[in-house]
Structures are given as C-alpha cells and as structure tokens.
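TrEMBL annotations:
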TRANSMEM  42-59  transmembrane segment
DOMAIN    70-131  domain 'Homeobox'
DNA_BIND  72-132  DNA-binding region
DOMAIN    134-335  domain 'TLC'
TRANSMEM  143-163  transmembrane segment
TRANSMEM  183-201  transmembrane segment
TRANSMEM  264-287  transmembrane segment
TRANSMEM  307-327  transmembrane segment
Amino acid sequence: MLTWLRVLSDWIWQDRLWFPAGLGWANLKDRDGQVFAKGSDLWVIFPIAVCFLIIRQIFERTVAVQLASLLRVREKPRVRAAPNTTLESYFCNASKFPSQSSVEELTKQSACSVRQVQRWFRRRRNQERPSQIKKFREACWRFTFYVLAFIAGLGALIDKPWFYDMEEMWNGFPTLPLLPSQYWYYMIELGFYISLLFSVATDVKRKDFKEQIVHHVATILLISFSWLVNYIRAGTLIMLVHDASDYLLESAKMFNYAGWRKTCNYIFILFAAVFILTRLVILPFWIIHTTWVYPLTLYPPFFGFYFFNGLLFVLQCLHIFWAGLILRMAIKFLPGNVCIPKPNHYRVVSWTEIEPSPDQMFFFVLKNSRVKNT
C-alpha cells in the first residue's frame, strides 16, 4: 500500500507536469541564502485558520457588537410560532414550505384551520432567519479582514516591478526567491479562506451556497498551487485584485443593516464600479492575459500551465455571473430609478445577501414586498 502511494505521489509531482521542459523541483531548493516556497510551508495555514476562528468570535462579541450599538442596529420583533408537535415534526422532517394539499392534511392532524397552519409555518420560518445583529457582526468581521488584507497586499506590492509591468512576474521563473511579505500575505489569505470553509455551516445561509463553496475551493486550490510551483508573483496580484472590492460590499451591508439606506446604496454603486474594473477588466485583460499568453513566448505549454489558468477560468466565470447580478441591482440604485413591484409576485428586492469573496453573490427574494425608493 505504501509503495503504491509512493508511486502515485511520484507520478503526480513529476517535473514535466508542473514545470516547463528542463526545469523542476530541484530548481526550488534553498541555496546561497535564497529561500523558496515549499509545500511543507502550507501546514501553517491550519493553525492560522483556527486562530482566525477564535479572533472572529472575540471580535464579533466585542467590537462588532459595540459598533452595532453605535450605529443603532435594531432587531425587528418576531412573533414566535405556538408550540405544536405535529406541525413542528413536519417542519423539521418534511418541508418548511408545505404544499396546499399538505396544509389541508395538517389541518386535520393538528385541529387547526388552513389559515392557522399557514401562519404557523410563516412564523416558524421567520424564527430561523438570521437576526440583523448576526448579519451585521458577520459583515463587520469580513469588512475588517478585507480592508486590512487589501492595505497589506498593496503595501507588499507597491514597490515591486511586476506591480507595474506584469511580464516581470515571469522574469527568472521558477527560481524566484521568496520574500517575507509574500510568505505572510499567502499564509494569512489561505488561513482566512480555510476558516470560511470551517465556519460555512454556522454563517448566514445564502442562496448562492453552492457557488460559494465552489469559489472557496477554487480559490484555495489556486492560491495553494501557485505557492507550490512558485507562481507567487501572479498569485499576489490575483489576491490583491480580489481584495480590492470585497470590503466595499461588506461596508455597504453594514450600513444597510443599520438603516442608512442612501449611504449603503452609494457605497454599493461604488462597489459595483470597482468590481467591474478589477474582476472584468484588470483580471482578465492584464493578469490572465499575462499568465495565459505571455508564458507561451517563453516556454512550451505544460500541464501546470493549463491547470493554473483553468482555475482562473473557473473564477472568471463566477465573476461574470456575479457581475450580471450586481449590475441589475446597481442600476436600481441610480438616481431617478424607481422600482415599482408587481403585486402578488416574487420580487428581487435586496442585494444584502450578495456574498462575493471571497466573492459570493445572490439576490434575496421576498414575496409581496414593496421596494422603497431611498
């Protein structure tokens, strides 16, 4: 068994898969005082992720709660569903949205009227919705991380030649010495995304849950792979582009939960502009162009080249999907646009459940709701 695993490992990590012809893992061995990225370095992301989870709990219970109080985030009173074992059993084991035939059957079993059963399920569903405070705390935590990560990433890259001339990211590849700023930027970003995977079950559940998981996994694979094969210069630029807009969305959500509608709408429009610029212009036409087209002028294509750009393609597809949703909402917030809801139809009315970041977004749908022109 061990022999088979060793053979499989040797095949997976063979030089010709991950490096251009004539180059390989031997080129990434430390020498002459130069340190290079190693796969063993990535083990540190797991304790970092645990630290993030602990820091998050402390932050949300202290700083975020105090800020919520300062901004006067208020909870709307909720009427609790009356105890009913029959309806509770159906709610937990069958469906939270019973069909008309199921409602009629439940009226016989629970000795309630149709209207009472429908009201009970509406109130019971409302009990499980996350509170405004919980959503504010989560947005506050993510805003804090994203803004600090963006500032740190900008500080780590602002004086680097590949920040201005992206072809420089391939100058000397793969023997590119590791800088301390690159090490910590990578480990902290990876640790944060791992912590998001750990906490996804307890975070506010969103409509784009599957896209969210795909985004997290693709991002972790992309960052980890770029570390292993020393695509670090490209990786830091990609992370910076992603961090450039995420904090704007989280800050807009915070103001929305606090009731500052106009402020959050203006910030959301700014977020939409930055998102389009960074994710649909800079990333594909500068960074991906430099990782897809320029390397072919230096080396023949190899599997690692396709794998890295394939992950970027997955992320870019998600960006296009989310950009369409963002633009639809941003247009509604422009001055002079008034949204008149159609009665008795489901309406897309809120962007606060959009989650990009990473980059994960969707529209929260409410029935028979009225859109306010704020």
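Even glycines carry a Cβ here, placed using N, Cα and C.
Outside the transmembrane segment (42-59) by six or more residues, the chain places 140-141, 144, 187-188, 190-192, 194-195, 198-199, 224, 227-228 with a CB less than 8 A from a CB of the stretch.
In this model, the domain 'Homeobox' (70-131) carries an average pLDDT of 81.
The DNA-binding region (72-132): residue composition by secondary structure is 36 helix, 0 strand, 25 coil, according to DSSP.
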